[in-house]
């Protein structure tokens, strides 16, 4: 029994030392990463090649064994000839002049604070660097909106394409509401699925106030400001009617800026009719001029593959270990809020 007790004590010491070393190592790595700029990675995926391979695999699967054998032999010969031709061109220093126009496909699945704009800005910069005449951009967008400044920046990033006269199509399969629509309206063309949620051109803000609860517990709160409207409404302090009025005024000003922006992007839109904060399904949004066409992103991309090379560009942020945990928690919270929002905004089926 005494031997077992000594062994347990020895084991506990070993575990303590190992944990202490691991903690110190983690702190050192974290500090080193914090001081080092975290550069991401640009990933380019050829969707045209993927579609071609999928089509060929399906065709081969429908053949009998003899046909498959002949097909594989022909494909092997074809690929060998293509590789040989490419090698010969490279050896002679020839540059391909018959390249097809490209369709650059970007993705934006927005969270409440629109932090995905950090990747979007890099993707757009990459597209601008490689863009050639006859190319175009398709953005697959999904967002219920969020922080004004975050989505304002995201819309401004898309504006960079518009300023360069680069054709931009935004596709909405599920939702592009509020800040999401602020981004979508920058496009030359908006394509929506029939039951995607579109619109919600409005501004909302809400917060609880715990002042009466704190007073009932004899807890005093002091709030000192320099500037008459440094704080309008607070969580803990006592709100005044003057503060509430100023807060509503700021909301209305933000709403007007939102309306002006949408009107500038889509001049033919009856902004007063659609800027009520309401949302509509895609097939209703077409009638109101909020979107231009009813279709899915899949069909849009497939239709553009004829005579073009379709390429998906993604900028992947490198994350520290601690950021991965906090990021996962934030994404879970965003998904939960989105689920509640969707349930409250539309009937269930």
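Heads up, the Cβ atoms here are built off N, Cα and C, so glycines get one too.
Annotated active site, nucleophile per Swiss-Prot: 178, in sequence order, evidence recorded as similarity to another entry. The feature active site, proton donor/acceptor is assigned by Swiss-Prot to 230. Annotated topological domain 'Periplasmic' per Swiss-Prot: 1-8, in sequence order. According to Swiss-Prot, the topological domain 'Cytoplasmic' annotation covers 30-349. Residues annotated as transmembrane segment in Swiss-Prot: 9-29.
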Pop the Cα-Cα gap between residue 178 (active site, nucleophile) and the residue listed as 'active site, proton donor/acceptor' into the table, whole Å please. 26
For residue 230 (active site, proton donor/acceptor), the three-state DSSP class is coil
Take the topological domain 'Cytoplasmic' (30-349) and average the pLDDT across it for me. 86
Counting every protein chain present, what is the number of Cβ atoms, excluding its own, within 10 Å of the Cβ of residue 178 (active site, nucleophile)? 23
Row the residue listed as 'active site, proton donor/acceptor', column other C-beta within 10 angstroms, all chains, value 9
What three-state secondary structure does DSSP assign to residue 178 (active site, nucleophile)? coil
